[in-house]
Structure formats: structure tokens, C-alpha cells
Amino acid sequence: MGVANPPRTASDAKAPKEQEPSPAPRGDRAVTAVSHIVLAIWSIIVILPLVWVFLSSWKTTGEIFKSPLALPQHWSFDNYIGAWTDSHIGRYMLNSVIVVTSALVIVMILGSAAAYSLARYPFPGSGVVYYFILAGLTFPIFLAIVPLFFVLKNVGLLNTLPGLIATYVAFAFPFTVFFLYPFFRALPQEIAEAAELDGAGEWRTFAQVMVPMARPGIVAIAIFNFLGLWNQFLLPIALNTNEDNYVLSQGMARFASQAGYAVDFGQLFAAVVITIVPVLAVYIFSQRQLQGSLSQGTLK
Amino acid sequence: MATVTFDNATRQYPGNPKPSVDKLNIEIADGEFLVLVGPSGCGKSTSLRMLAGLEEVNGGRILIGDRDVTNLSPKDRDVAMVFQNYALYPHMSVADNMGFALKIAGVDKAEIRKRVEEAAKILDLTPYLDRKPKALSGGQRQRVAMGRAIVRSPQVFLMDEPLSNLDAKLRVQTRTQIASLQRRLGVTTVYVTHDQVEAMTMGDRVAVLKDGILQQCDSPRRMYDHPANVFVAGFIGSPAMNLMDVPVTDGGVDLHGHTVPVAREDLTNAGKHVTLGVRPEDLELSSDTSGIPVTVDVVEELGADAYIYGTAEQKLLEATGENAGDVPFIARVDGRRPPEKGEKIYLKPKPGHVHVFNAESGLRIGD
């Protein structure tokens, strides 16, 4: 110990000197603290209503009005069962799943193929085609509602699920192409050439080499499209008026509006939770996929 | 296995007035290791890509064996390529990367597995077969790229600067490994590099290109001892050959009073002066003041040897004393007694170790 002491005191004496030029870390700490507080407040603003909806979905309407913030008196599935059967949320959910899944699969296939060919095979007019698709992005959907109505009516797809699917595909297509285009463009040409030498044709190169490499982008746009189409309200309300074919968003709206002032809020909140859960599930699942493929990246 | 023939093969990019590869003629023997070398932009990679089918051929033909492959697509040429950045499929395991071509060709799974494992054994990749490329080091990735070529047992290997992404030490090791692997497999190989040391150490023959034109195609030894023109002379060898213009005199060329004998018939059409080339190791210190006067700028001591980097006066005509300016000059001398910095020394070429080139055309004079 006696031997160890002198160097220790020496280094102790030095330590404050070394710490002198460190206002930057202290400033960093302040920034970190402030941003954590801001983020925490933000999170609370986002999460609290969801929690409140979730808790309320287990209460009766009376309970909700009497003590909005209290925990439910007893946990029962009554609201959920009621929402699922009496209010046809089950059927709307099925419709939503059919429409959104089909539209998503189709738009991802068409969109990635279009983005791939535009990004990697320059042909005369490819720029025009690309900007034409982009122009679709800027076009407000409200202006297209009435023409769309008549188009679907003329081809006999009005008020049918296939009609809604086709509309969703057209609606999501421009952004999908716009989003995937840079991903395909950034993929190294060398790998396409390696595949060509390995004997892969254009389709195989696309499906087995390029699409897996563009996976971060594809997963991201798939999530985005899923959320957008799942919550789509304007298109179904105008083009899908047959009650049997209602999607969830329409069902929810009907639920809230038809009962006037006698809404069963407990059931309504249960229906909201049922609507949110698939979206959350898809998001959480693909989030992991997204991170996995992002870290995989391409090789230098 | 097959021969490869470039028959007047030409590639001209649209909008480019000059061809990038101009009437290339090379015949590569079965099992030969040919290295294409040259400065950047010389057309060496373009030539390789023409052979691979990745680049259009605008004139002439390319043959693999007796097959004219000029207009065949890459997959029908039975060639495998190792790319500069390896071009591994990042989402596939090492085994899948190596077996991808066989899978496409419809080879059955057991056979693919067998061939991949064989190749992995040759390349010490067996423990890594299930890994993704990102989990490999640079050297391992390079070997996977080699493995991908090997499992296909193609007629020709094409390698486009496969070592340029490795660190210096690994590059030297891998250089030897690739060369010995190629000898063992006996597959005709065309190898592109800008590094003349790689070219000299690996190739059975070396083809030097400049501005899309083939300068010389010879064995490394012959290339070193008998460069066909000034460009090859300066490009091959490290440190580079000393080149200077010297006046022609009776019975040879004049080096500041020291006559280097050159056969008279070789000099008949050469004009008043020629370009003389001497490799740094072919110079001796002169005991008197005849020979090339060199002012020493830097001395690099390497232990056994020392390299002198200096400047030499370039005297074109002894009579008028016309001076064509100084040229950089490098000489290898005994490492035990190197001259001092700033010292003026006189150097003479060893007899029989000079290269004489026509000063205008740059072509070699004599043998």
C-alpha cells in the first residue's frame, strides 16, 4: 500500500486538471436531459389516450361517465363479445383483412417491379413514365372520387370488394414506386452482373437477388401501405356503400353515428381496440424484420 | 478448359471518338494464366468484360475454344468471374453464394452440396459455409468470390482486380494462393490488374495495354528483359527503368563520353538521337568522371541495397552541348557504401543491359 500510494495521489492531483476542458460533456448532458423530458411528455401525450381507450373498453358506458379515469370495476369480455357479434365488427374486420391484404400484395408486386425496371433499365421515355407516376402522387384523391365512382360503376365493380381492392392498388401505387425507385437504383451493378454470369435471367435476378437486397425499403413501404390502407376512410365511404362489404373504418363510423346520443361507449372502445390490435401486431412484427434487414445492408 | 482468342476485338462507347479497346489480338492457350495490365483507363477491364459478355463487342470476334461467343449472352459462355468488390449476394449464406450458379443450372442438391464443400475445403472456408458475407473478413469474402467461380468448373476464369481491396500483406499471400490454385485447377484464366508486380508474379504471360491498344504480350521475364517499346519499358519494373535521350555516335550511343555499343545496322534509321533505357539494378558507379552524371537527391537504404533517387543531365549532342533538361534517375547501389545526399556521382550501365528505343516511335531497336 505504501508503495502504491504516491502514484495514486499523483494521478488524483492530475484528475481535476484533465477534467477541466469538459464543458462540452456537461452541455451534452443538459441537451440529453431536456430531450428526454420532451420525448417523455410526447410519449405520454401519445400513449395516455390509448391506455384510456383500452381501460374504457372494459367498462360500461355508465362507469365511463361516472369515473372516467378509474379502473374497471370488473374485467369482462362483454364489450368485446358485443362489438364482435352485435355490431358486426367481426365481419368488417374480415372485409378489411381481405381488401387490405390483397391490395397490399398486388401493389407490392406491381410497385417493386415497376420501380425496378424504371430504376435499372433506362429506355426511351422511362423518365416520362416515372414522372407520370409521380404526378399521381400530387393528385388529390378528393377530385377523383366522382369519376372513380362512375368508372367502377361502369365496369360493374362498384360496392364490391374487388372494386375496392383495385382502387386501393391504384391509390398506393405511385408512392410505392416513388419510395422503392432509389432503393433499386442504389443497388450495386456488380451484383446484377454477377447474377447474370451465374446464369440468372432477368426475373430471377429481380426476385432472388435484387428484391432481397432492397428488403429494408420494401418492408418499410409495405408497413406504410398497410397502415394507410387499413385506416382508409374516404375511398370506402364513397365507393363501397353496401353494408355487407363495409370495412372496419366504415363500421366504426357507423357504430358511432347511428346510435345518436345513446352510443354504447364501452363497446365502441372495444371495437377501437380490435381495430388497433392488428395494426400494432403488423407493425411490431415488421419492425423486427425491418431492423434485421437494415443491419444486413449491402457489402462494400 | 479451352483456349481464348481475341480476334481484332473492338469496343467503342457511343459518343466516344476513340475506341476503348482497339483491335485487340491475343491468343490465350488452354490452361494459361494471362494477366492484362496497364494504367487506369487503358481498356483492360473493358477487354475482360467483353470476354465475359458484359460489354458489347463493336468489331472483331471473341472465341472460347472454337466457339464464337461474340454475340452470346454471359450465361451461355461458360465463364466465371471474380469481381473487384466480390459482388457477393449479401442475403445468402456462403454456401448459397457459391452454389447459386449450380442451383440455376438445375444441378441436384446433393451434388451442389458436394461441390461447394470441395471448393470450401480448397479455400479453407468450411467453417464459414453457413455465415452471411457480412460476417466475414475481407480476405474470406475474397475467397468466397473465388469459390463461387471454382464450383462451377467453368472453361475460363475472369478476375477483375480481385486483390485490390485487401491490405498489402494479405494481397501478397493471396497472390501466391491464386496463382498456385490456378496451376492446380488448370483452368484458363484472364486476370486484370493495374499492379505490375501482380502481373509479373502471377502470369504465365502478361499483356500490357495502353489507350485501348495492346503494347506487348509476353512472358514476364521476356517483358522485363525485352520491353517492346518505351511505354512497356517504363511501366514494367519497380522502381521504374531510367529513360533518357542520348546522341548516336560512332559504334553506339554516347553517354557523356562513355560509349555504349549498339550494332550499326540497328541505328541506321534511328536518327541523331535515341532513347536509352537502363534498369536501376543495371548501373555501376564509375571510377572516373565518364558516364551519366547524377546528383543524388534521396538515398533509400534497404539494408543489402540502397536506391539512389537523383537527377541526371540529359545531353543530346556532345558537340553543341545542347542540354535537353534534367531527368529523374534511379540507381541501385551497394547498401554498405551508399553515396551521400547532394553528392555528384557518375554511373555506367553494365554491358549488355541497356535498352535502346527509337526516339520518335518509341519502338525497341535491336534485340
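Every residue gets a Cβ built from N, Cα and C, even glycine.
As annotated by TrEMBL, domain 'ABC transmembrane type-1' applies to A:93-286.
Marked as region 'Disordered' by TrEMBL: A:1-28.
As annotated by TrEMBL, transmembrane segment applies to A:33-55 (among others).
Residues or ranges marked as transmembrane segment by TrEMBL: A:92-116 (among others). Within the chain carrying the transmembrane segment (A:92-116), a Cβ under 8 angstroms from the stretch's Cβ atoms is held by residues 133, 161, 164-165, 168-169, 172-173, 176-177, 179-181, 183-184, 206, 210-211, 214, 218, 221-222, 225-226, 229-230, 245-252, 274-275, 278, all 6 or more beyond its ends.
According to TrEMBL, the transmembrane segment annotation covers A:128-152 (among others).
Per TrEMBL, the feature transmembrane segment maps to A:164-184 (among others).
Tertiary neighbourhood of the transmembrane segment (A:218-239): same-chain residues 96, 99-100, 103-104, 107-108, 111-112, 141-142, 145, 148-149, 152, 158-159, 163-164, 167-168, 171-172, 175-176, 179-180, 183, 211, 246-250, 253, 278-279, 282-283, 286-287, 289-290, 293, selected by CB-CB distance under 8 Å and a gap of 6+ residues from either end. The transmembrane segment feature in TrEMBL is assigned to A:218-239 (among others).
Cβ atoms under 8 Å from those of the transmembrane segment (A:259-285) belong to residues 50, 53-54, 56-61, 63-65, 78-80, 82-84, 86-87, 89, 93, 97, 223, 226-227, 230-231, 248-249, 251-252 of the same chain, restricted to positions at least 6 beyond its ends. Taken from TrEMBL, the feature transmembrane segment applies to A:259-285 (among others).
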Are there residues at least six beyond either end of the transmembrane segment (A:128-152) with Cβ under 8 Å to its Cβ atoms? List them, or say none.
114, 118, 158, 163, 166-167, 171, 173-175, 177-178, 181, 234-235, 238-239
